[in-house]
Amino acid sequence: STAMRRFLGPLLCLLALRLPAGSGAAARGLDVASYRERVRAMFYHAYEHYLESAFPYDELRPLTCDGQDTWGSFSLTLIDALDTLLILGNVSEFQRVVNVLQEGVDFDIDVNASVFETNIRVVGGLLSAHLLSRKAGLEVEAGWPCSGPLLRMAEEAARKLLPAFQTPTGMPYGTVNLLHGVNPGETPVTCTAGIGTFIVEFATLSHLTGDPVFEDVARKALKALWKNRSDIGLVGNHIDVITAKWVAQDAGIGAGVDSYFEYLVKGAILLQDKELMSMFLEYNKAIKNYTKFDDWYLWVQMYKGTVSMPVFQSLEAYWPGLQSLIGDVDNAMRTFLNYYTVWKQFGGLPEFYNIPQGYTVDKREGYPLRPELIESAMYLYRATRDPTLLELGRDAVESIEKISKVDCGFATIKDLRDHRLDNRMESFFLAETIKYLYLLFDPDNFIHNDGSDFDVVVTPYGECVLNAGGYIFNTEAHPIDPAALHCCRKRREEQWEVEDLMREFYSRKKTKKFTLKRAPDHGEGENAKDSQDASSEKAGEKRNSKKSSHSLLSCPSQSFNSKLAVLGQVFLDNT
């Protein structure tokens, strides 16, 4: 059906495309392997200097070779870089860092933390590392991925954020004290992205832990934004979370709004949720109608649609990648090429670029080594194999090394016009910029798995397929395995099976033909096989048959139609 084709668009970029050798890179003579190794060297130059000079602080200050806390004193760069280590193949350092974080990170601290940043960097980073632990060779608990030390840390961090959601609208405050909750007198004004960027991490937490509170608050916040959109279908930049009044009424796809749109699409794919996708598609129509001009996107007044700022922001460069996830590759490429012209003009993307004037905006000339254009190039290259996208990767490596590299790491570019530097290296440089660059140049990375390779693990609910590909990146580039969300939750079909089991049990008890052992409790992953062995010979025959029914004593981890998500299909066709 038309609806199904629209929902299956994300497959273009979530799964690897097998195109003929000689396409893309070879056509332009770009040495992909050489650039991949240069990106690897960039990572270690930054990472090792963080460990030497800045750990346990959040971030490295590369000009003075020391560290500083920025987002809450979590050793943030270490958490943010953890899954990048595995993508680069460094299993031993991944294992070491996991142990360091378990021993050293404490969330019971009197710190005012950004709810948004803590979620995407800390909760997202810990969840991703948790789901990759087995692949990294760590010895995991019997109940994994439904339990584990990194999952417990992620849950603890997320619980510290929950007080922020206790508002009349369900939209969260922007800041929370990790020890005391929301401070008295805290401003109720939050940016749109700070309200709508939780569903990926919080739904993952709910599905893994069985506690629905995380997904519930994330959904309520998403729906509150949807409810408060303007009559012409746009949302503004900042809103009062108590009164639901828009404080900043500029509508666009960039700073303050960006990851709200991103999470509607990624949440829809991750959860196979048509409602979230339909919300995005409605926004997409309004965005095209009111903000799009010649494949650029401007800022407009959310109620009238009149242009308020004819400006391109570097944060908007994620948009072509997002377009590719819904299958709109042609429009994505045209917009990407506009943004790439700005990169070539300056050797980076200035924070603000005046489109009519074709130059930077005063006091917004910097480039803090952001990943968004590289992120879009990675997605679009998976979809098209267009060599232009590799050329952006090449230019990024050359620019960053030439302008930003210093003895102790890579420094934020304060001004792209004269290449002055700032004494900061944001944690997203290792979490996102380096990761997307490496994945652009590494077509055979496990992240690009097309479903031909996978792992089968036993959970308290039975067998579960993992690492089959289709990873969903959160907005800090932490990959979440969508298959994991089907490993740890009881389904209605399972409840019916339990009822059938009880009827069978009492029936057999009366005839005294069978003796059944107790079925496993929620946490008894090691006993799952024992309980299967305790089933009757008749049930064993059923289990070995090719029929779709399950054995009475074995709870399936996921029904057949859900497994289609693991093997490549993103949305269910229930017809």
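Note: Cβ is positioned from N, Cα and C throughout, glycine not excepted.
All annotation found in TrEMBL is predicted automatically rather than curated by experts.
Note that the structure is predicted; figures quoted are calculated from it, not measured.
Per TrEMBL, the feature active site, proton donor maps to E117, E351. According to TrEMBL, the feature active site maps to D258, E372. Here TrEMBL flags T475 as Ca(2+) binding site. Annotated compositional bias 'Basic and acidic residues' per TrEMBL: 518-543, in sequence order. What TrEMBL records for 1-26 is signal peptide.
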Handout entry: Those active-site residues, out of E117, E351, E372, that come within 10 angstroms of D258 (active site) at the Cα
Key = none
Practice task
By CA-CA distance, flag whichever of E117, E372, T475 among the recorded positions is nearest to E351 (active site, proton donor).
Solution key: E372
Problem - Pairwise Cα distance for the residue listed as 'Ca(2+) binding site'/E117 (active site, proton donor) [Å, integer] - result: 10
Fill in the blank from the handout: CB contacts under 8 angstroms to E117 (active site, proton donor), restricted to the same chain and 6+ apart in sequence, sorted by sequence, are W71, G72
Exercise for the section: Using a 10 Å cut-off, grab the number of neighbouring Cβ atoms around the Cβ of D258 (active site), all chains included. Expected result: 25
Fill in the blank from the handout: If you count the other CB atoms within 10 A of the CB of E351 (active site, proton donor), including all protein chains displayed, you should get 22
Completion exercise
Using a 10 Å radius on the Cβ of E372 (active site), the other Cβ atoms enclosed count 24
Completion exercise
One finds that other Cβ atoms within 10 Å of the Cβ of the residue listed as 'Ca(2+) binding site' number exactly 25
